[in-house]
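Down below is the structure, laid out as structure tokens.
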Amino acid sequence: MTAEFRPPSAAACQGCLAAPVGPVEDAPKDARIALSLPGVHCQVCITTVEHALSDLPGVHSARVNLTLKRALIEADPEVRAADLIPVLEGVGYEAHELDSGALQATQTDRAGRDLLMRLAVAGFASMNVMLLSVSVWSGATDATRDMFHWISAAITLPAIAFAAKPFFVNAWSALRVGRLNMDVPIVLAIVLALVTSLWETSLSGEHAYFDAALTLTFFLLAGRYLDYRTRAVARSAAEELSALEVPRALRLTGDGQEEEVAVAALGIGDLIRIRPGARMPVDGEITEGRSELDRSLLTGETLPVFAEPGLAVSAGEVNLTGPLTIRATAVGKDTSLHRMADLVAIAESGRSRYTSLADSAAKLYAPGVHILAALSFLGWYLYSWDVRTALNIAAAVLIITCPCALGLAVPAVTTAASGRLFRKGMLIKHATALERLAEVDTVVFDKTGTLTAGTPELTNLQDHASTDLAVALALAEVSAHPLSVALTRAARAAGIVPAEITDVTEVPGYGTQGQWQGRLVRLGRATWVGAAQGSQTAAWLSVGEGEARPFFFSDALRPGATEAVAALQKAGAEVVLMSGDTTLAVEALARRLGISRWVAEALPQDKSARIVRLSEEGKKVLMVGDGLNDTAALAAAHVSISPASALDAARVASDIVLLGQDLAPIPEACDVARKATRRIRENFRIATVYNLIAVPLAVAGLATPLMAALAMSSSSITVSLNALRLR
Amino acid sequence: MDVLVFLIPISLFLGGVGLLGFIYTVRSGQYDDPEGDSHRILSDEWDDHPRP
């Protein structure tokens with residue numbers, strides 16, 4: 001789409017003007033252009049693309065990132081992405097402009113790097129301290145043991161201060177508002193272990209927990225890093241989807257010239273040119289031109305609407321046949337696209353009540369651990385009247401119960417499951433989406449664009465005489481209207497040869513006409529060829545004699561739609577079809593797919609209200625939809641999926657994005673989600689078993705640092721291995 | 001056991017060198033494009049002279 005918006009060739013002239021004025025280095029900052037290159041895959045591609053780009057005048061440097069399949073270009077400010085794309089297409093690579101503002105790659109990178117650095121420091125320090133501890137456990141005594149302990153302390157204290165900072169920060173922000181989270185017991189355990197170990201070391205005692213404190217930090221950071229990576233991958237893919245839609249519009253200047261501007265720069269009253277195939281950037285009123293509009297993303301209706309001067313249009317509608325000029329009546333936040341956001345915000349407030357498995361485990365776990373440690377401290381103090389022994393044992397209890405395995409239990413499983421679903425073409429955007437998906441028992445599908453591909457299919461080819469078909473094909477071939485394209489495809493596939501027609505012209509908004517054997521022939525809207533408008537999507541052919549003949553179209557099913565619905569029903573889920581389209585179209589599709597419950601002509605509010613009602617009945621609803629009219633319903637549902645072809649607003653409102661065309665991964669995703677939740681619960685159980693064995697020993701005062709290290713490492717490793725079984 | 005006086009500082013120093021090396025690689029963005037780097041090594045484009 002970007003190629004259509006090629007700017008007027010002003011770039012060359014600006015270059016000439018800039019030359020004599022001062023040094024070029026002081027010119028305004030270099031433009032950074034990001035291009036998405038879905039086709040690059042090898043070393044030759046990298047070299048070709050980088051060469052092609054850096055040979056262009058004005059480009060300073062170009063670097064391909066093969067992992068992200070992107071090229072980053074530093075160039076003079078007047079170089080535009082639209083100039084670079086044809087160059088890359090010339091060397092054989094498909095390229096799309098990415099909105100570099102929407103990518104924010106540098107910021108997310110920094111957080112990941114920071115976490116990786118802390119993980120490395122914790123790993124390095126814990127290995128060194130562990131080596132020293134092993135020699136203590138294997139029998140170092142007296143001065144040697146004290147020296148080893150002091151060296152361990154010297155490594156541990158700065159390492160913990162740096163590596164465990166995220167935990168300190170999180171725990172503090174939770175405590176400040178009077179709440180407990182997973183990080184509070186972690187911080188307490190680390191701090192208490194360090195304090196008692198230092199105290200013991202200064203009294204040349206036998207037990208020090210420096211190694212335990214560091215390994216704990218290391219394992220927990222590993223969990224955090226996995227969690228971060230999973231989310232970063234999903235976020236960067238989601239950002240890339242929205243960055244592909246660079247919001248530009250063609251504004252008409254006073255003297256009738258077109259200029260390309262960002263949509264944000266449009267104001268009320270501006271005249272905007274909409275080319276065929278383009279989407280309305282703002283709400284407005286048509287002032288010039290005739291065409292047809294596709295409103296399916298907004299309303300779910302598949303029938304194109306006739307457009308003529310005076311008609312009000314909303315942002316998001318697609319212009320089909322002729323160029324239109326509109327006068328903007330609402331821009332930016334006031335457009336109907338944005339007003340939908342209020343509906344979404346209301347619907348979303350219901351969902352935030354979901355507590356993740358990890359949170360509910362933490363709620364049980366955090367107070368339990370604190371009470372247990374406090375009780376063992378009190379008990380031992382009352383028994384021996386010795387603060388040192390009591391504190392030592394309380395520290396041992398905290399270290400041994402510390403949620404090492406719990407911290408890994410959820411991220412390890414989510415990473416494995418998300419990775420598996422990503423390979424199947426599903427992007428998990430929300431952290432708890434998998435857990436919620438596992439509970440689903442009702443699936444609500446939208447029709448247009450979700451179960452159907454949004455491309456029409458000719459249904460009554462066999463009803464027509466071959467001469468009619470030949471005329472229709474000849475007329476349809478010259479038009480880019482979706483119905484004409486579908487007719488051409490079907491007729492070509494049936495081996496029809498187009499008739500000889502002269503003076504073929506397309507009349508925007510009506511159809512195409514021409515001269516055939518001295519008669520005027522027309523293919524187009526019912527009223528234009530003199531027929532009655534039916535309820536079904538149709539194009540009518542008039543050959544100058546007899547009645548006009550209808551060509552009926554139905555929406556083609558998306559690949560995998562039948563299989564997905566059947567598999568979901570087989571798995572015991574109730575499938576509901578909910579659409580804004582006409583009753584006839586919805587009923588036909590429901591019957592075709594074997595769906596018994598369906599709702600037609602539903603307004604956006606109706607959709608979300610029905611979903612809320614289903615949830616109130618105790619159902620866990622999965623909503624699959626793509627249109628603007630689905631956004632509120634997507635946000636209201638327990639969990640939601642939208643295809644990558646959906647509008648940005650719908651993708652933002654949904655938890656999972658389907659990257660391919662195929663719907664078949666949906667039932668499989670439910671299956672994987674159920675398995676993942678089972679693994680998470682298993683992991684919690686494994687961690688509990690380890691605690692049940694180790695905690696009594698710790699409370700009894702029999703725990704040693706060696707035991708703590710063994711219990712911690714073995715439970716973390718079992719939990720990670722259990723999670724890997726999902727892949 | 002006197003040898004520990006040398007061995008411990010030496011081992012800590014060597015480990016520290018490794019850690020600093022790792023920090024350098026993270027800082028200079030060497031983990032940003034692992035897939036691309038594994039392919040770039042196969043290119044003979046800059047074999048004869050370094051990239052200008």
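Each Cβ is built from the backbone N, Cα and C atoms, and glycine gets one as well.
TrEMBL annotations: computationally assigned, not manually curated.
The domain 'HMA' annotation in TrEMBL covers A:31-96. For the domain 'HMA' (A:31-96), the predicted model reports an average pLDDT of 82.
Sequence-remote contacts of a segment are chain residues at least 6 beyond its ends whose Cβ falls under 8 Å from one of its Cβ atoms, and for the transmembrane segment (A:115-136) they are 145, 148-149, 151-152, 155-156, 159, 162-166, 208, 210-211, 214-215, 217-218, 221-222, 224-225, 228, 705-706, 709. According to TrEMBL, the feature transmembrane segment maps to A:115-136 (among others).
Packing against the transmembrane segment (A:148-168) from elsewhere in the chain are residues 115, 118-119, 121-122, 124-126, 128-129, 132-133, 135-136, 140, 183, 186-187, 190, 194, 197-198, 200-201, 208, 210-211, 213-214, 217-218, 220-221, 224: each is 6 or more residues past its ends and has a CB under 8 Å from a CB in it. Feature annotation from TrEMBL assigns transmembrane segment to A:148-168 (among others).
TrEMBL lists A:180-201 (among others) with the feature transmembrane segment.
Look at TrEMBL and you will find A:207-226 (among others) tagged as transmembrane segment.
The list of residues near the transmembrane segment (A:364-383) in space but at least 6 beyond its ends in sequence, with Cβ under 8 angstroms from a Cβ of it, reads 180-182, 184-185, 188, 389-391, 393-394, 397-398, 401-403, 406, 695, 698-699, 701. Residues annotated as transmembrane segment in TrEMBL: A:364-383 (among others).
Summarising the annotation, TrEMBL assigns transmembrane segment to A:389-417 (among others). Outside the transmembrane segment (A:389-417) by six or more residues, the chain places 182, 185-186, 188-189, 192-193, 195-197, 199-200, 207, 209, 212-213, 215-216, 219-220, 222-224, 226-227, 229-230, 356-358, 361-362, 365, 369, 372-374, 376-378, 380-381, 428, 431, 434, 672-673, 675-676, 679-680, 683-684, 686-687, 690-691, 694-695, 697-699, 701, 703, 707-708, 711-712, 715-716, 718-720, 723-724, 726-727 with a CB less than 8 A from a CB of the stretch.
Annotation comment: TrEMBL describes A:684-700 (among others) as transmembrane segment.
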| request: Please give the sequence-distant neighbours of the transmembrane segment (A:684-700): residues at least 6 beyond its ends with Cβ less than 8 Å from one of its Cβ atoms. | output: 357, 361, 372, 376, 379, 393, 396-397, 400-401, 403, 405-406, 409, 707-708, 711, 714-715, 718-719, 722
